[in-house]
Amino acid sequence: MSTVESSKPKIINGSCGYVLEDVPHLSDYLPGLPTYPNPLQDNPAYSVVKQYFVDADDSVPQKIVVHKDGPRGIHFRRAGPRQKVYFESDEVHACIVTCGGLCPGLNTVIREIVSSLSYMYGVKRILGIDGGYRGFYAKNTVSLDSKVVNDIHKRGGTILGTSRGGHDTTKIVDSIQDRGINQVYIIGGDGTQRGASVIFEEIRRRGLKVAVIGIPKTIDNDIPVIDKSFGFDTAVEEAQRAINAAHVEAESIENGIGVVKLMGRYSGFIAMYATLASRDVDCCLIPESPFYLEGEGGLFEYIEKRLKESGHMVLVIAEGAGQDLMSKSMESMTLKDASGNKLLKDVGLWLSQSIKDHFNQKKMVMNLKYIDPTYMIRAVPSNASDNVYCTLLAQSAVHGAMAGYTGYISGLVNGRQTYIPFYRITEKQNHVVITDRMWARLLSSTNQPSFLGPKDVFDNKEKPMSALLDDGNCNGVVDVPPVTKEITK
């Protein structure tokens, strides 16, 4: 089988500064593939839908707030069913794998991929890969059909199991080839999608008719470009329960302080949105916003002020915040888990003890309650809005695979389903921009100090806006980065 060069970004330029960052297609390296009428044409459920099929030239802009004299900017291919497909129903042998940490909605995505393949396209052969990437070469599989997945969306976790690491490209693609699999659906975070990108490149190199599709998953909402990650709404909703409990504890005792640690290794979206939704939080600390404890304008001074004013206080901190302030023994900062993520110290316990020590030194009465709901938040079933979102992601992923697209993720951009090339979501992480309006809204809600000096403000103004926020699409057109092919095993 002849080898092919590594794929390059497919960039299509149009008038008025229009740029389409297209996704790969099987016909790019397998010319002459036959096409077939889309089975949805004969599906009674869609016979009443006018213009159900997506036009080949439809695209979705990355930014919707533009200047009248500015360029139209970057666009992505619109997701949805096409009139012609590149797989016959009996030809399809699909597989689904979940990797990385748990997230609300995993089972919903699995269910809807199976349902879409089965009910929309008449696919009969669908495999579940058990235990993450390792399952490909550990021969762990389970047959999936509509009966198996019927009610799994009501459960948390993933019925396929998951793991971190275990990525061996050659073994994985060998397994795909040996089993005759021609559609691979990979659900996972940025590390998982980097692995999916490498799998796609190897499949392309071998010249296999195999579509590789990613569905991005991260409870921290730190994947760029897309509006938000599935499971995020559920995580924020569940986080409020912990905040409410901390508030009840704090206001029920003299000088009560409730400290809640939420997920957010590098990005503080859960902490920020849970704080805004709760309205009971007096201080929110996230990785993007530096803070200090001692001295004028420090955290301790603010805590004392709040206790004097109201007699209680609720503090929310993301797990990645304050790592630079913790003990001088920073060995854990150099350790990583199997996915390559840094192992962080427990900032919640450290901050709680620091607050206790401060008040003991000043001989002030204080009662602190610490709540860590981390695994409660991510292990629950998805809520209604996330269930709908997961359905859209899964259906869009299946439509794209049947249409012959490959090497992409299914994601929401400005409220529209799109196909985004792998490199755009693995190049960097999404962060809260603390000079953005949403962070200003949080500060006005909690009345906490910004803890920012002039240098911090200047540095953060240089960062691009975050995608989830209302100002997040105002940044200009960015240069197209090279395809990333490295992966941490």
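Backbone N, Cα and C define each Cβ position, glycine as well.
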Item checked: Listed co-binder of substrate (same site as T218, I219, D220, M263, G264, R265, Y375, M376, I377, R378, source Swiss-Prot) among E112, E319, E427 -> E319
Margin query: The ATP site in Swiss-Prot lists R164, G165, G189, D190, G191, T192. Which one of G101, G105, G122, G256 belongs there according to the record?
Written below: G101
Notebook entry, point to check: From the Cα of M376 (substrate binding site) across to the Cα of G165 (ATP binding site), what is the distance in angstrom?
Noted result: 23
Checklist line | Cβ packing number for M376 (substrate binding site), 10 Å threshold | finding: 14
Margin query: With DSSP assignments reduced to helix, strand and coil, which class does R164 (ATP binding site) get?
Written below: coil
Next item on the list: Starting from the Cβ of G101 (ATP binding site), draw a 10 Å sphere and report how many other Cβ atoms land inside it.
Entry: 19
Check: Could you give the maximum C-alpha to C-alpha distance in Å for the residues G101, R164, G165, G189, D190, G191, T192 that bind ATP per the record?
Finding: 12
